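Reading through the structure tokens given below for one structure.
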Amino acid sequence: MESTHLLGGSKKRVKIHPHTVTAKYATHTPYAPQPGVHTHFPQPGDDGYDDAPSFEDFGSFVEETSDKKQLTESRKWPLTLFGSRHNDKDTAHKLQTVGGGEGSEGSAKAAKGSGKGVGEQLASFGEASVSASRLTWVGLLGAALAHGSLIVLTRVASERFSLGPLFLLLVRSIVQLLSLAVPLHRGENPFGPEGYRLRLLCYGIAYSLSLCCAYSSLTFVSPGNATTTWRLATTALSATLAFLLLEERLGLADGITIAAGLCGLGLVLLPAVDETNSDSPTDPAVFWRGAFGWSLSALAGLWMALALVGYRSLKERVGVGTALFTVSWTGCLLAPASLALLQEGWSWPMSVEAWLLVLGLAACSVIAFLGMTHALTRLHPALVSASQSLEIPIAMLLHLAVLPLAPTAPEVVGSVMVILSVGWLVAMKLLPSRVGGRRQREEYEEILDSPIK
């Protein structure tokens, strides 16, 4: 069986066989330039050469239309527990394209603006990326400072004003209900977009349960040990859960740096010499009371790791204001339940100083939440949690200023290790961007200078 078609001046003959299909093309006279018409293609150094489309656009087009990518994606799991990672990236890219603000439009104009050379285009890309990374890490460091202040304020409120930790958590959640104004002002649903409300509810419950467990542990163990255990468990479990649920891996350098920070936290948890050399018998009630407090701290780390991974899966779909409101109203429900379960008494602030302390605690909690939640849209959950390990040395320094408590040698060494690990992590994320930009520019110029276009 044969069929003949005329397609744009080409004659196509097709033979259909039960097992094969053979196509033959017979082209008419090949193209020849018309006499008197000169076609010139710009070469490197000519005017208009730099206005050619960038290789990033061509590379993204090839990547999106290549059969290799489709075959590779078909072999992967279609969905993870919190949704497909690749679909999340595509959706986030579409949202940025449709609803991106002035920053995305400015980047596009800087990339494709006429009259700009290769160096200026790459410089604008690099500066935008570095500035965004710097803003993210500045927010994380500010969140760590706020977390350290929370530790000290909670301890001062408990020792000087006899305010229970769970009561402070309840007041903090009630104050944070004012964040409802943010999604209402933006015209968003305060309970999340349709299709993601259940996941947002699970995120809020996990976050609030983590806070309830962490604040409850302060009744049974010291605030320093409870906070350190909470942070250590959160960092280790967030790395594991992000790999299992979101298929997000840590780089080798990031993993080594985080492991060094975890070792520093372990040194902070070492008991003092006086406690290890004590020969007095331990009361079973005291032992089990401490064991319950340590268990609550570790459980708080598990819930917080689930919350960080859960919001990481939501990313651009849920704003920071909506997330804060979700954590607030779920906290208002779970904090009274924890108060009733542990039978912790109610003690209202009776002085202006106490109320100022409570309001300062609520303000620090909001700052810490905003810094961490914003960073989750750009960084791995384990990196976000590891950066918050700075709260331990910050709280130690604030304790020296507010409460005359001298740290032990393991606490000092562990705090130094934490500071060095976080500092090295920040340096790795910000400094190599210049080297990467220079390498990208060299590859770009090599492609443009090649004779094959």
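Note: Cβ is positioned from N, Cα and C throughout, glycine not excepted.
Residues or ranges marked as region 'Disordered' by TrEMBL: 90-113. The annotation transmembrane segment is assigned in TrEMBL to 135-157, 196-218, 230-246, 253-272, 292-311, 323-342, 354-377, 389-406, 412-431. The feature domain 'EamA' is assigned by TrEMBL to 140-269.
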Look at every Cβ pair spanning the transmembrane segment (292-311) and the transmembrane segment (230-246), keep those 6 or more apart in sequence, and say whether at least 3 of them are under 8 Å.
yes
Maximum Cβ pairs under 8 Å to the transmembrane segment (389-406) among 135-157, 253-272, 323-342, 354-377 is reached by 135-157
Averaged over the whole of the domain 'EamA' (140-269), what is the pLDDT?
92
Can you say which of 135-157, 323-342, 412-431 has the most Cβ pairs under 8 Å with the transmembrane segment (196-218)?
323-342
Cβ-Cβ under 8 Å with the transmembrane segment (354-377): same-chain residues at least 6 beyond its ends
136-137, 139-144, 146-147, 149-150, 153-154, 156-157, 161, 163, 168, 171-172, 175-176, 179, 308, 311-312, 315-316, 320, 323-324, 327, 383-384, 387-388
Return the stretch with the most CB pairs under 8 A relative to the transmembrane segment (412-431), choosing among 135-157, 230-246, 253-272, 323-342.
253-272
If you run through the domain 'EamA' (140-269) with DSSP, how many residues end up as helix, strand and coil?
103 helix, 0 strand, 27 coil
Sequence-distant residues near the transmembrane segment (230-246) by C-beta distance (under 8 Å, 6 or more away from its ends) are 80-82, 85, 210, 214, 217, 255, 258, 261-262, 265-266, 269, 297-298, 300-302, 304-306, 308-309, 312-313, 380-382, 384-386, 388-389, 391-392
